[in-house]
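Straight from TrEMBL, the features:
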BINDING   V123, V236, W495, H496, P535, Q536  FAD binding site
DOMAIN    283-297  domain 'Glucose-methanol-choline oxidoreductase N-terminal'
DISULFID  C432-C487  disulfide bond
Amino acid sequence: MGLKYSRRFLALVFIVVFANFHGLNYAEKAPKYSFIQEATSAPEVSFYDYIVIGGGTAGCPLAATLSTRDAKVLVLERGGSPYTNTTKIRMENFISTLTDDSPNSISQSFISEDRVPGNRARVLGGGTVINGGFYSRAETLFLKEAGIDEALANESYEWVEKKIVYKPRAFQWQTAVRNGLLEVGVLPDNGFTFAHLNGTKTSGTLFDKNGNRHTAADLLEYANPTMIKVYLHAVVHKITFTTKDGQRPKADGVIFYDANGGRHIAYSKHESNSRSEIILSAGAIGSPQLLMLSGIGPAARLRSLGIKVVLDQPMVGREMADKPSNGLLIPYPTHIPLSLITVVGINKISNYFESFNGFDLSDLSGSGGAQPQSSNPSQEAMANSTTNQAFLVQTIFGPISKGYLELQNTNVSDNPKLRFNYFQAAVDLRRCVSGMQTIINVVNSDSLSRFRFRNMTTQDLINMTVNRAANLRPRNPNATTSLEQYCIDTVMTFWHYHGGCQIRKVVDRDYKVLGLDQLRVIDASTFSFSPGTNPQATIMMLGRSMGRRILQSRRR
């Protein structure tokens, strides 16, 4: 009996070690961590070495890394836990969770001034909890622009990958799209790789083989539980500063409120040196918004809202961008398993091609779920399930077009005013047209022929997509005949927001806010362009690598 139980014990140890080594962590694990608590349990006043505002895609790896030394770390997350209801974050519920606009949902919707609906996360783990799960590294150009050492970047990517990234299983639709891209010349075939390479490839996913999502929140498993505290539903209202005559303002505290309206303040532990910092990781929308609410931004606008100006910084909220996305809806005649993005095509003209299938896309439609129409509608398609359809999309590098973020009021829970100016730059529109021509070729390829209704032409698909476009823009009569107008009228977000606190304009190459002490911004708001085909891998890498760099400077 003793030998029998010893073997069972050894088998159990092997399973646990294997699971940890391969990132096969369990969603039930994180909620048991004693350091993750509701903000209602926070003391009125507390002191920390590092205060991280935002437990999202960058904040979780950053905080986990900082906690592994002799530093006391606080994470303030405005949303709840992704583990409260894990059904919501399963792959098949991607669209319904993303578009859930109830008051306590994990996705907060907004409509930009461009009349394009968008979403921002309010949950521990940030965008990794509500996105499509596709994982791919950045191009080398991005690392040079961001001043990130390539060796440190690679180590940081691997640190993320061994915990939450998976090699996807083969899906019928994804395989057909891969073959179609190769057939129309998006070459070479790069197989499975995380690297950003021209051609067609399969890359990683945050979904395991059972369809369970793993997120940046899981990276907190790396944290030292005795040195970190994570408060949920902790809404930060402002960063506080101390100022002395002739000296730069110094960030010294954070005022936040819990779900019951209780007021709390967390202070930097070391006021006399740089061993304590406040770090904004609230995302491309949240970080510039909170800087402005704290008095850092364009002085005239801040004063008009009654905000005391700490630093006149006109570039906060400027250079906002979002990669435009356009594509084609493709109904198919027989049921096939749903899939999210696992295949991407990257061509030399700076177009990226991705696809997903099997979801009811009516909630994404700006037409309010109206039935698709075409010049020669297929009765088969009309009668078909709304989930028997795919969306083949293209995005572009950059983009070049830039917009802005402005405060509408002083309520941090309200969305700021956002304009992305999609296709304002002519080169962005030219790239979209080129990308749509490639998509049309892929749809007409032999590889996708068995997923097409025989009597639905490409023009029918164009007409249908115009009628179902996921925005609130008016439809120009020639949108179905001009690809330029098609791009303008059917543009939608791909949720790759960036800018507002850019390097060399708002922060330096160490991500420290220019003109201030003991305050950094570490997230996608610092990017001048969106890295790779999908930025989440790089945002998590940034959190990890900057955590490493901060700890190295702490030892000096």
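Here the Cβ of each residue, glycine as well, is placed from N, Cα and C on the backbone.
Averaged over the domain 'Glucose-methanol-choline oxidoreductase N-terminal' (283-297), the predicted model has a pLDDT of 98. Sorting each residue of the domain 'Glucose-methanol-choline oxidoreductase N-terminal' (283-297) by its DSSP state yields 11 helix, 2 strand, 2 coil. When other Cβ atoms within 10 Å of the Cβ of H496 (FAD binding site) are tallied across all protein chains shown, the result is 25. A distance of 17 Å separates the Cα atom of W495 (FAD binding site) from that of C432 (disulfide bond). Residue pair V123 (FAD binding site) / C487 (disulfide bond) shows a Cα separation of 32 Å. The binding-site residues recorded for this entry are H496, P535, Q536, and the Cα of H496 lies nearest to that of C432 (disulfide bond). With respect to their backbone Cα atoms, V236 (FAD binding site) and C487 (disulfide bond) stand 38 Å from each other. For C487 (disulfide bond), the nearest of the binding-site residues by C-alpha distance turns out to be H496; the candidates were H496, P535, Q536.
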